[in-house]
Number of protein chains: 2
Amino acid sequence: MKFLWTVKFMQSDSFVMAFVVYAGFNVTLVTVASLLCVYIGPSAAGSGIPEVKAYLNGVDTPNIFSIKTLFVKILGSIGSVAGGLIVGKEGPLVHVGSCIASILGQGGSVKHGLTCKWLRYLKNDRDRRDLVTCGAAAGVAAAFRAPVGGVLFAMEEVTSWWRGPLLWRAFFTTAVVAVVLRTGIAWCKQGHCGLAGEGGLIIFDVSGVQDNYGLNELVPVVVLGLLGGVLGSLFNQINAKIIMWSGGWLKKKGKFAKIAQAVIVALITSICSFGLPWLAKCRPCPDHLTIPGEKSCPSYGRAGNFKNFHCPDGYYNDLAGLFFNTNEDTVRNLFSKGTNGEFEFSSLFLYLGSAYSLALLTYGIAVPSGLFVPAILCGATYGRIVGMVMGMFYKNGPIDEGVYALLGAASFLGGSMRMTVSLCIILLELTNNLLLLPLIMLVLLISKTVGDCFNDGLYSLHVHIKGIPFLEAHPPRFMSHLTARDAITRPLIWFSKVERVGAIVEVLRSTNHHAFPIVDNDEQSGKPVLFGLVLRSHLLVLLKKKQFLEDRYSYAEKEQSSLVSSAEFAKPGSGKGLTIDDIELTAVEEEMFLDIHEVANTSPYTVVETMSLAKAYTLFRQLGLRHLCVVPRTSEGQPIIGLLTRHDFMSNYLLNLFPHVRQNNYTKIQAFTSSAVGSRL
Amino acid sequence: MKFLWTVKFMQSDSFVMAFVVYAGFNVTLVTVASLLCVYIGPSAAGSGIPEVKAYLNGVDTPNIFSIKTLFVKILGSIGSVAGGLIVGKEGPLVHVGSCIASILGQGGSVKHGLTCKWLRYLKNDRDRRDLVTCGAAAGVAAAFRAPVGGVLFAMEEVTSWWRGPLLWRAFFTTAVVAVVLRTGIAWCKQGHCGLAGEGGLIIFDVSGVQDNYGLNELVPVVVLGLLGGVLGSLFNQINAKIIMWSGGWLKKKGKFAKIAQAVIVALITSICSFGLPWLAKCRPCPDHLTIPGEKSCPSYGRAGNFKNFHCPDGYYNDLAGLFFNTNEDTVRNLFSKGTNGEFEFSSLFLYLGSAYSLALLTYGIAVPSGLFVPAILCGATYGRIVGMVMGMFYKNGPIDEGVYALLGAASFLGGSMRMTVSLCIILLELTNNLLLLPLIMLVLLISKTVGDCFNDGLYSLHVHIKGIPFLEAHPPRFMSHLTARDAITRPLIWFSKVERVGAIVEVLRSTNHHAFPIVDNDEQSGKPVLFGLVLRSHLLVLLKKKQFLEDRYSYAEKEQSSLVSSAEFAKPGSGKGLTIDDIELTAVEEEMFLDIHEVANTSPYTVVETMSLAKAYTLFRQLGLRHLCVVPRTSEGQPIIGLLTRHDFMSNYLLNLFPHVRQNNYTKIQAFTSSAVGSRL
């Protein structure tokens, strides 16, 4: 659209007008996107993958899956991609997929009156998490038209707990996506979709290139892998720094600054993509591709390889083919086969530099922005450069520059995101060339290894920047020097099996603990024992029902009447749920008693206080707990010492408490006795 | 080889002689394979995948990864495949891969004097398991030339615990396999390998068929899925019955019967593949494929589609193209595109029937045998039948019969093995046609769902038949009606921190427990507390070292001297390791004391006796434990009630102990309070 208009102005030689139209379009679209993001759905900014990852790790961030976020994400993503920013639609689509899944899982939004009865069976944490995982898989499947890649992406990058049935469900989801996509594309090919109907199931087809690569091709592959690792990890590092720095600055300046930031980035991008192509010389169209008699260069489809820009007929501007184009067409250009020598070194270097810097600036502003496309753009550009260098060494080089571009893209993705199998399959499904698989695998391996030497993957970094209490799969080393007891810092509050209502309300008001142990006296010995664990949310439900007892000992008779249906305890949607302020009690009611033993979890997982914190962490993480009871080693005194929660396992928190463990050496014998001798497999 | 000889005899019209040569070859090869299997490496029979699966679940079966087994598996597999049996080389290759990995992990075989010093760092359970997983992945990658498929196969079907680093390692392994394969193939194409140098990286290439399938194609896809599910689960059922029945019978008859069984099966197979083609009529070669001037039918490569067999020039026998061929070429025949109408209905039905029955008979005899190829053969045959039926309904049907054969193969594999993502990727990598991906996914989904209604996957069934104590990822339902205490049946034996040598030896001789709790008196209260857990193998190492103490209380001073290096406790290879009979002690030594507190695991995982067995199971399985301590709820009496091991969680065992839980209803409120209310995510 905007390109058609701009080209029209350019053909009539009014270049200033063309630029105004072009930049105006871009800035307007980006402004709308960032307005939506800042004022309506702040959670929709960025790619959304770190948030989805954190949710699946067990962190319930408010609003990340609300309908508002979904709405902003979809519109904002359209705005930012159409606005010419160096962003992709892939990350946002993952978030959109997860949003839809989560909203379905909540049984629609209660606030907006869209509920569905049978969906209430999904109202528990685990099923909702499964749904969100499937949604993320579906997002990738739709974005890249890569159904299997979607499953693997969800598995490798997004989810924290993977179960057999989940694999199966995610596979089912993406199979449905694939069939729907296939049908939609077939329908579009019959001309029902207007301009939007381009592209088959394979987005960037590079099949059919010769595959007779030999051992001497290993050199550039290794070079690309190294380059990808270095540039990718550098990208992560700089991006994290920019976001941390601008984050602090923006907080002071408020919402307007965020929008201004987005507008400025959009303007810079427009200037780059319109202005820089003027630096390139007009080049004649390559002879072997020119159709005799045709005046303009051959262009495959509307957005062909060879952009005329301001050049006369029969000439093209190679930089315009990169800058003055949609991101997707630029990628297609870079990947295109049989076009050796299309670009000049200077053009590619210029594009690499500006795309890299723009991508760094863009990821972090207040618009929905994916990272796949920028990474592919940068990677493909230096891939093509390496390919051209190779072509100079080996005359009639055996491999196409387009293939090098693909390998370069793989290396940058691997170096920045640090995925392996899923990237491999996604690239395979994007390009439909199975014969390049060994090379892609090799490039990914090298770039990931190199990248891992410097820093974490981009999504992990963003999870940390956002301050999300994310639990990694393995405990940090220093934890084996601490015991479970060390991590307990908060005072313990417990209830009896039947507790005075006033006391419960008091505790719920004064603390924000999410679970409380119930201590009871053993019938035989009369000593206190740990009866179970009760959740704040369940206490609130009971308080709301007001089925109180007259005195502490009448619960035995009442047992029958106080049964509550399990549906009432179902986890509420992403809304706030019940809070203690919602419950109003009279003074009489506060003096009554509440029987809480029925809603308690009577066998919570426990660890002994002397257990190493690393082992407690493993238990907590592997079983996906929210609360872990720490019991004393000897039986004197109270039957429970404290509760460990997610925040107690955070490294920063623990290292502040125990600064000495940081320097501690990890001696062999200690590691041995604490883990290897253990009864673990 | 044998085909060349046989064909020579047939051309000279001596059919009897030809059959003798053919059958003789086959029977000899199979006999050698089964001799090796029965007398040298009994663990090498079958596909080996169930054994690998069990090992990765934590069951150490003796000898499955020994060098002998490896040797027999490789030679036997060559024998059975070359012997014309309806078996594949894929399953055995997975076992071979795991064997090599395991032997590497053991640091070579100590018995055979092949050790390597730096490999001793791998001498622990977890790293060895990881290695074996990578080996299995490499096996699949090599068998199907499907590197990504290999990783997914290892992940979906073989392994029980999946960790991020493992994905990465498996990916690395298969990437190396892919590069080596690629190089090897390139080398072979230059003619270095003689007859064996055929085939590219894609084994059964079906790329390039038209992909304009529409919604009406969904009908045969659903039909194929249903057929695959029914036939696949029927296959599992019958095969399991045959194995259980013949297993009992063979046990009585001894080793000779096993060899006889293998020979008979080989003979039947030879008779079928030589005899049945005579039933088919000679058909003229299709016109559009015949090269003018050539007399014989066109044949792609040496083992072409159109077998002459006994027919005159210009005619071919379609059954011979199926029967009288190597399995791989038969698959290639069935998958071949552009050959609609090559086979007659009667031929395909006949082949389907005999291949199905032969595969049933063959999987279970004492030779290494894979199941992928038989499944692909059966599936492809009925796939082609469905394709032909479809071709009758839609004249000029849009899809090639070869594509239907591929979908049929997918459906049978899905119906029998019940994998999804990995099969999908393997088939994709086998056939290099990404556009069929949605159809393959759909077929797999349907056939797996249908199959799951009837019985378990084939490998799971075989794990059960072999009586391996396999722990599924989720506890059976009845376990939520039992407590951890219920499952404890064996008497508990414990030690003190310093124990008399004689007592230890006595206990180790009289029991076969693998771990013993250590009970100690608390320093402050004087009450007994659980100090830790010590393993039998570590006790044996200590006894062997003979660093005994004079009396029970001298351990405090000795502390420094009794340090042992962790390497001595390294897990031994697949050999027997130390047993109590290896240790000889004098009477004086038996009266001395042994300080065992240093080698104890001082913080074993514990559960309270009242915890539901289902939750204990989850803990046990998720953390991959071997021993789980059950502690009492109240603090009176002994500090530990018993140890739970893998065998205590076996369903059969528990259901025998508590037959009433089988009928128990699983009421909603119970399920709710025991799991949903819990503090799990």
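Please read every residue number as a count from 1 along the shown chain.
Cβ from N, Cα, C; glycine included.
Listed features, source TrEMBL:
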DOMAIN    B:488-552  domain 'CBS'
DOMAIN    B:600-662  domain 'CBS'
TRANSMEM  B:15-40  transmembrane segment
TRANSMEM  B:70-87  transmembrane segment
TRANSMEM  B:131-154  transmembrane segment
TRANSMEM  B:166-185  transmembrane segment
TRANSMEM  B:218-239  transmembrane segment
TRANSMEM  B:259-280  transmembrane segment
TRANSMEM  B:348-366  transmembrane segment
TRANSMEM  B:372-394  transmembrane segment
TRANSMEM  B:434-451  transmembrane segment
Long-range environment of the transmembrane segment (B:434-451) - Cβ separation under 8 angstroms, sequence gap at least 6: 206, 211, 213, 217-218, 221-222, 224-230, 232-233, 236, 403, 406-407, 410-416, 418-420, 423-424, 427-428, 457
Range from B:15-40, B:70-87, B:131-154, B:218-239 with the greatest count of C-beta pairs under 8 A to the transmembrane segment (B:166-185): B:131-154
Feature contact check the transmembrane segment (B:348-366) with the transmembrane segment (B:218-239), CB under 8 Å, 3 or more pairs: yes
Long-range Cβ neighbours of the transmembrane segment (B:70-87) (under 8 Å; 6 or more residues past either end): 2, 25-30, 32-34, 36-37, 40-41, 44-45, 48, 93, 95-96, 99-100, 103, 265-266, 269-270, 273, 326-327, 355, 358-359, 362-363, 367-371, 373-374, 377
Of B:131-154, B:259-280, B:348-366, B:372-394, whichever stretch has the most CB pairs under 8 A to the transmembrane segment (B:15-40): B:259-280
Composition by DSSP (helix, strand, coil) of residues within the domain 'CBS' (B:488-552): 20 helix, 20 strand, 25 coil
Same-chain residues near the transmembrane segment (B:259-280), Cβ under 8 Å, at least 6 residues beyond its ends: 18-19, 22-23, 26-27, 29-31, 33-35, 37-38, 83-86, 246, 250, 307, 309-310, 317-320, 323-324, 344, 346-347, 350-351, 354, 358, 361-362, 365-367
Positions whose Cβ lies under 8 angstroms from the transmembrane segment (B:348-366), at least six residues beyond its ends: 34, 37-38, 42, 45-47, 85-87, 231, 235, 238-239, 242-243, 246-247, 258-259, 261-262, 265, 268-269, 272, 276, 279, 319, 322-323, 374-375, 377-378, 381-382, 384-385, 388
